[in-house]
Amino acid sequence: MTSGMEIDEENNNNESKGGMWDLEQKLDQPMDEEAGRLRNMYREKKFSTLLLLRLAYQSLGVVYGDLGTSPLYVYNNTFPHGIDDPEDVIGALSLIIYSLTLIPLLKYVFIVCRANDNGQGGTFALYSLLCRHAKINTIPNQHRTDEELTTYSRSTFHEHSFAAKTKRWLEAYPFRKNALLILVVVGTCMVIGDGILTPAISVLSASGGIKVDHPKMSNDVVVVVAVIILVGLFSLQHYGTDRVGWLFAPVVLLWFLLVGGIGIYNIWKYDSSVLRAFSPVYIYRYFRREKREGWTSLGGIMLSITGTEALFADLAHFPLSAIQLAFTVVCFPCLLLAYSGQAAYLMQNTDHVVDAFYRSIPESIYWPVFVIATLAAIVASQATISATFSIIKQALALGCFPRVKVVHTSKKFLGQIYIPDINWILMVLCIAVTAGFKNQSQIGNAYGTAVVIVMLVTTLLMTLIMLLVWHCHWAVVLIFTVLSLVVECTYFSAVLFKLDQGGWVPLVIAAAFLLIMYVWHYGTVKRYEFEMHSKVSMAWILGLGPSLGLVRVPGIGLVYTELASGVPHIFSHFITNLPAIHSVMVFVCVKYLPVYTVPEDERFLVKRIGPKNFHMFRCVARYGYKDLHKKDDDFEKKLFDNLFMFVRLESMMDGCSDSDEYSLYGQQTQHSRDNGSSSTANIELSYSSMDSIAPVKSHPHRNNTITSSGHESGQTEVDEMEFLNSCRDTGVVHILGNTVIRARRESRFYKKLAIDYIYAFLRKICRENSVIFNIPHESLLNVGQIFYV
């Protein structure tokens with residue numbers, strides 16, 4: 001750097017995100033309203049009482065549908081062979097009461113839900129938090145500049161603390177990183193299993209009400225009705241929940257009030273002594289009396305807490321305080337009353353356990369309750385299906401799922417998406433489960449297996465969150481982990497007894513998705529490693545000269561690569577086989593970060609590669625796991641806007657040699673090509689080498705004519721801007737690498753099977769990059785290459 005370059009280091013860290021610079025005057029300006037909103041939207045908000053009540057009401061329809069429909073089938077699955085002793089009902093009710101208190105209320109609503117990623121919940125949200133606090137990402141494509149994003153929030157800890165030791169232990173070996181990823185993927189696969197089993201058991205249980213009123217009706221009729229409802233449910237998914245979402249909250253609220261009211265009626269009419277179940281003594285007596293049968297019945301008891309994971313996964317839609325209020329004021333008491341009312345009915349009607357819910361309804365309101373129950377089952381299924389779409393989208397962003405089509409169904413709500421391929425797969429599997437088992441008991445066994453495994457995964461991830469993110473004392477972490485594992489492992493041991501009675505279904509489904517996801521991730525990592533190891537050195541580029549040893553034809557070439565630094569091997573492969581390249585080359589990297597979203601004005605990072613007369617640039621587009629890469633012309637337009645902005649701002653950095661590289665990141669606004677003007681933006685220029693980027697800021701009181709060569713510098717900027725515009729008008733060509741990976745001849749059999757057959761098949765059926773980026777065929781150029789792993 002020359003002496004003419006001044007570096008303002010004062011308040012460097014604070015200005016890296018919030019400082020605003022006027023492009024024309026280069027004077028400090030306060031943060032504008034939009035930037036302030038972006039920063040403050042992730043902080044804890046205080047809501048007025050009226051707004052909090054409204055949000056709590058709305059959360060009922062989105063969050064609690066699955067948990068609320070459990071009374072339809074819990075007692076049936078708890079006593080599949082009937083009730084031998086009425087006292088067993090008291091024991092089962094006591095288990096349900098304490099299960100609801102310990103797991104959904106204490107663990108999830110008041111502890112786990114606080115471990116959200118800027119409001120986002122679910123296993124991938126926990127994993128993204130861990131990836132920011134420890135270097136455990138299996139694809140090391142992150143850069144220091146990514147940590148300066150508004151949404152990239154993380155805390156620091158003392159070097160000798162227990163958290164630091166845990167962090168070093170996790171980062172020490174790749175095996176531990178892979179094990180953690182597999183744990184997250186297993187949890188994801190079980191959530192997908194929930195997306196199949198929840199509609200099956202909820203709709204089938206609700207449809208069973210027809211047979212209760214008509215005892216002579218064949219069970220096949222109930223199955224056919226359930227299948228018709230399921231087909232209709234999945235067929236309407238492409239409309240999204242935005243258009244019918246206003247119905248969800250009143251349906252679920254009415255459902256909770258009905259089951260709670262019916263529970264009060266049954267307690268009063270049949271047997272108020274069931275309230276003894278609030279004493280945990282009856283749990284001990286239940287196990288002592290029933291022994292093994294009582295233990296295996298836990299598989300049915302735990303169905304009372306199904307939907308708890310959906311509660312955490314759907315956290316993004318509402319503030320935590322609204323969800324806590326809705327659960328403690330409406331859901332929890334209504335569910336306790338519903339289960340207590342059914343228990344009171346069963347105390348005097350032990351032979352009605354198969355249809356306990358519908359049998360306990362007063363005749364005068366039977367059919368209205370049946371309609372509401374069916375609607376509530378549809379709402380519960382809808383919430384689980386939507387959660388499945390969201391978590392697959394997150395897996396896709398982490399490189400753990402094949403590229404599938406993702407469609408936004410709402411312009412107002414970013415999280416409402418629809419994945420056509422997954423929707424039809426879920427429908428086929430759901431109908432197969434419903435028609436194959438034909439009864440709630442076996443589906444319930446399968447459902448319980450999926451739910452308890454997801455809970456175990458969440459507990460293990462929460463242990464790391466409490467250590468690395470919350471910095472809790474190890475004793476507190478130990479108490480939480482031990483208590484959670486004792487309860488959940490007890491349930492897990494119970495569902496193991498029912499693996500041969502339907503519990504194997506989610507394991508098979510999860511194993512299939514786990515194989516797909518792990519093989520895809522393995523192939524993605526190997527492709528990235530190949531790109532990293534075979535990238536072209538800067539010395540080789542410089543040795544080619546300004547023309548790169550070839551004819552430079554007018555136009556702009558966009559080379560898509562997975563590398564965020566360095567020149568990809570595809571470029572050398574391309575120029576080795578073709579006699580000409582474009583006058584301007586831009587290497588485009590689209591990468592996903594462990595954050596839920598990247599604000600639009602912080603999305604692009606632009607660098608120059610080599611001297612200015614090479615006209616080579618790199619543009620990195622960064623996305624979060626909730627962001628959707630829009631397949632329209634906006635991406636290309638914004639890319640060029642940021643590229644032109646970079647060229648203009650680069651002229652402020654005089655005194656640098658032509659071989660220097662610069663980066664532009666921070667808040668960007670729309671840049672007009674027509675008049676060359678631009679509005680206020682957050683300007684940060686970084687001087688970088690091939691290995692590092694160090695922030696360098698332009699002085700606020702300098703202008704383009706600060707040096708004796710200022711006029712020449714400004715003229716150079718104008719010339720390059722005209723050159724880029726003329727090249728863009730000439731035409732843009734998109735160059736994609738079609739990399740094929742194969743297993744080496746000496747590889748083991750399972751590796752050949754995974755790479756040559758499974759991964760190759762997934763690559764063939766998944767969406768092409770050209771479709772994802774919406775690249776027109778007439779401007780697309782595929783460059784193929786094969787490498788062996």
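Every residue gets a Cβ built from N, Cα and C, even glycine.
Remember, it's a predicted structure, so these values are computed and weren't measured experimentally.
Here is what TrEMBL says about this protein:
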COMPBIAS  1-12  compositional bias 'Acidic residues'
REGION    1-20  region 'Disordered'
TRANSMEM  47-65  transmembrane segment
DOMAIN    55-541  domain 'K+ potassium transporter integral membrane'
TRANSMEM  89-110  transmembrane segment
TRANSMEM  178-201  transmembrane segment
TRANSMEM  221-239  transmembrane segment
TRANSMEM  246-268  transmembrane segment
TRANSMEM  325-345  transmembrane segment
TRANSMEM  365-392  transmembrane segment
TRANSMEM  413-435  transmembrane segment
TRANSMEM  447-469  transmembrane segment
TRANSMEM  503-520  transmembrane segment
TRANSMEM  540-560  transmembrane segment
DOMAIN    554-786  domain 'K+ potassium transporter C-terminal'
TRANSMEM  580-598  transmembrane segment
REGION    693-715  region 'Disordered'
COMPBIAS  703-715  compositional bias 'Polar residues'
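In the predicted model, the domain 'K+ potassium transporter C-terminal' (554-786) has a mean pLDDT of 67.
Only residues 6 or more beyond the boundaries of the transmembrane segment (325-345), in the same chain, are considered here, and those with a CB under 8 A from a CB of the stretch are 52-53, 56-57, 59-60, 63-64, 67-68, 70-71, 74-75, 89-90, 92-93, 96-97, 100, 104-105, 109, 253, 256-257, 259-267, 269-272, 274-275, 277, 304, 311, 352, 356-357, 359-360.
Across 221-239, 246-268, 413-435, 503-520, the stretch most heavily in contact with the transmembrane segment (47-65), judged by Cβ pairs under 8 Å, is 246-268. With a threshold of 8 Å between CB atoms, the same-chain residues lying at least 6 positions outside the transmembrane segment (503-520) that come near it are 182, 185-186, 188-190, 192-193, 196-197, 299, 395, 399-402, 429, 433, 443, 445-450, 453, 495-496, 754, 758-759, 762.
As a quick check, the transmembrane segment (246-268) and the transmembrane segment (221-239) miss the bar of 3 or more Cβ pairs under 8 A, pairs 6 or more apart, so the two do not touch. Per-stretch counts of Cβ pairs under 8 Å to the transmembrane segment (447-469) identify 178-201 as the leading one among 178-201, 221-239, 365-392, 413-435, 580-598. Residues 66, 73, 122-124, 126-127, 130, 136, 138, 170, 226, 230, 233, 306-307, 309-310, 313, 377, 380-381, 384-385, 387-388, 391-392, 394-395, 400, 426, 429-430, 433-434, 440, 443-444, 446-447, 450-451, 453-454, 457-458, 460-461, 464, 505-506, 509-511, 513-514, 517-518, 521 of the same chain lie 6+ residues outside the transmembrane segment (178-201) yet bring a C-beta within less than 8 angstroms of a C-beta in it.
Sequence-distant contacts of the transmembrane segment (221-239), counting only residues of its own chain at least 6 positions beyond either end whose CB sits under 8 Å from a CB of the stretch, comprise 199-200, 203-204, 207-208, 210-211, 374, 378, 381-382, 385, 407, 409, 418, 420, 423-424, 426-427, 430-431, 434-435, 438. Long-range contacts of the transmembrane segment (580-598) within its own chain (CB-CB distance under 8 A, at least 6 residues past either end) are made by residues 117-120, 125, 127-129, 131-132, 137, 141-142, 146, 149, 151-152, 316, 397-399, 414, 548, 550-564, 567-568, 571, 574, 609, 615-627, 629, 639, 643, 723-724, 727, 733, 773.
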